[in-house]
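Taken from Swiss-Prot, the feature disulfide bond applies to 37-61, 45-70, 52-74, 84-116, 94-126. Look at Swiss-Prot and you will find 1-20 tagged as signal peptide.
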């Protein structure tokens with residue numbers, strides 16, 4: 001008799017566990033990409049600490065809200081955002097008056113419906129010619 005009771009209890013526990021797993025899968029499917037909502041509006045990726053690294057992006061569609069993991073590269077340019085991808089030309093010649101080089105970038109891809117400029121211009125300081133350093137390295141190897 002005890003054997004039958006133990007077997008019945010085990011069968012009920014297994015049935016309850018299977019039912020709970022099925023309900024959990026249904027909940028995941030309802031909020032995921034297969035939901036009725038087609039036009040998600042995604043916000044920017046907000047890093048969890050400092051200004052780069054792993055973080056979260058919030059999306060809304062009607063009354064639904066979702067948070068997904070994302071990553072902001074640590075070498076991103078804050079002026080035009082991490083979700084705007086550009087194809088850049090080569091650096092231009094050094095402008096002696098300002099001491100900077102300029103290049104232009106054309107928008108290649110806007111991720112997560114980001115508002116991006118079609119073209120951007122970026123500058124960087126000109127690097128001084130380093131011929132003296134190159135000669136010094138050659139001389140060090142010879143004894």
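Glycine is no exception: its Cβ is also placed from the backbone N, Cα and C atoms.
Known features from Swiss-Prot, placed on the structure.
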| residue | record | Cβ within 10 Å |
| --- | --- | --- |
| 37 | disulfide bond | 14 |
| 45 | disulfide bond | 24 |
| 52 | disulfide bond | 16 |
| 61 | disulfide bond | 15 |
| 70 | disulfide bond | 18 |
| 74 | disulfide bond | 10 |
| 84 | disulfide bond | 20 |
| 94 | disulfide bond | 15 |
| 116 | disulfide bond | 17 |
| 126 | disulfide bond | 15 |
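Calculated from their C-alpha atoms, the gap between residue 52 (disulfide bond) and residue 94 (disulfide bond) amounts to 31 Å. Residue 45 (disulfide bond) has 74 as its nearest neighbour among the disulfide-bonded residues 37, 61, 74, 94, going by CA to CA distance. In this structure, the CA atom of residue 126 (disulfide bond) is 34 Å away from the CA atom of residue 70 (disulfide bond). Taking 61, 84, 94, 116 as the disulfide-bonded residues under consideration, the smallest Cα distance to residue 70 (disulfide bond) is found for 84.
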